[in-house]
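Visitor: Before anything else, here's the structure in question.
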Amino acid sequence: MAENGAAQENQVTKHQEVGHKSLLQSDALYQYILETSVYPREPEPMKELRELTAKHPWNLMTTSADEGQFLSMLLKLIIAKNTMEIGVYTGYSLLATALALPDDGKILAMDINKENYELGLPVIQKAGVAHKIDFREGPALPVLDLMIEDKNNHGTYDFIFVDADKDNYINYHKRIIELVKVGGVIGYDNTLWNGSVVAPPDAPMRKYVRYYRDFVLELNKALAADPRIEICMLPVGDGITLCRRIS
């Protein structure tokens, strides 16, 4: 029995590792995915940034390694060139994007905390992709409002990734749907929100999970009803919903 208890304790420890946002019920299966498919193919700069971010006190905010790999593949499949990222943190998903884009690709990156971005910036610079990034410190909504005032910005983005304040996801969608091109893709992160989207309202959950839960539910409902997009919700990381603009 002691051996089984130790195994269970070890499994719990693995489930809490940095960047582990998988909704898989089996930690062993998630580790298999990481060790078989993700880590062996993870570019060295991304590995370096992942390990650097692991030392940060807010490391659970980072994009998981399997989601980073997924984003990289997606960007290459849609041949993205002009992209946007709302919510950067230390830049793991930003680096995945920058590495996936062609040399003349561009990323407009926005975050309210430049200090976190600067933690990962030396790694991004060493990877030789910093020239693709236009980082703006501050809230994204005012920047988006200015952008949509200029019709020349409409329909110019191939891909937009949102991993920021969940209470503004609806507000972001209202704006960026005008900026992404028809046939382009928007990715919303955390749309399964720690699995809380199917939990009873009185279920025990962390305060931040409970606070943002209704905003995530509101977003999911709105995306499902939006006739301008096709959607696909995937259980990658903490849930990511892809929206392909069709009109």
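All positions are counted from 1 along the displayed chain.
Glycine residues also receive a Cβ, built from the backbone N, Cα and C atoms like all the rest.
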Visitor: Which of Asp163, Asp165, Asp167, Asp214 shares the divalent metal cation site with Asp189, Asn190 per Swiss-Prot?
Guide: Asp163
Visitor: May I ask you to find which of Thr62, Thr63 Swiss-Prot records for the S-adenosyl-L-methionine site already listed with Glu85, Gly87, Val88, Ser93, Asp111, Ala140, Asp165?
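Guide: Looking through Thr62, Thr63, the residue Swiss-Prot assigns to the S-adenosyl-L-methionine site is Thr63.
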Visitor: Non-local Cβ contacts of Asp165 (S-adenosyl-L-methionine binding site) (under 8 Å, 6 or more apart, same chain)?
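Guide: Non-local contacts for Asp165 (S-adenosyl-L-methionine binding site): Gly87.
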Visitor: Going by Cα-Cα distance, which of the binding-site residues (Thr63, Val88, Ser93, Ala140, Asp189) sits nearest to Asp163 (substrate binding site)?
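Guide: In terms of Cα distance, Asp163 (substrate binding site) lies closest to Asp189.
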Visitor: How far is it from Asn194 (substrate binding site) to Ala140 (S-adenosyl-L-methionine binding site), counting Cα to Cα, in Å?
Guide: 24
Visitor: How far is it from Thr63 (S-adenosyl-L-methionine binding site) to Asp189 (divalent metal cation binding site), counting Cα to Cα, in Å?
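Guide: Distance between the two Cα atoms comes out at 9 Å.
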Visitor: Do you know offhand how many angstrom separate Ser93 (S-adenosyl-L-methionine binding site) and Asp189 (divalent metal cation binding site) by C-alpha?
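Guide: Checking the Cα atoms of Ser93 (S-adenosyl-L-methionine binding site) and Asp189 (divalent metal cation binding site) gives a distance of 11 Å.
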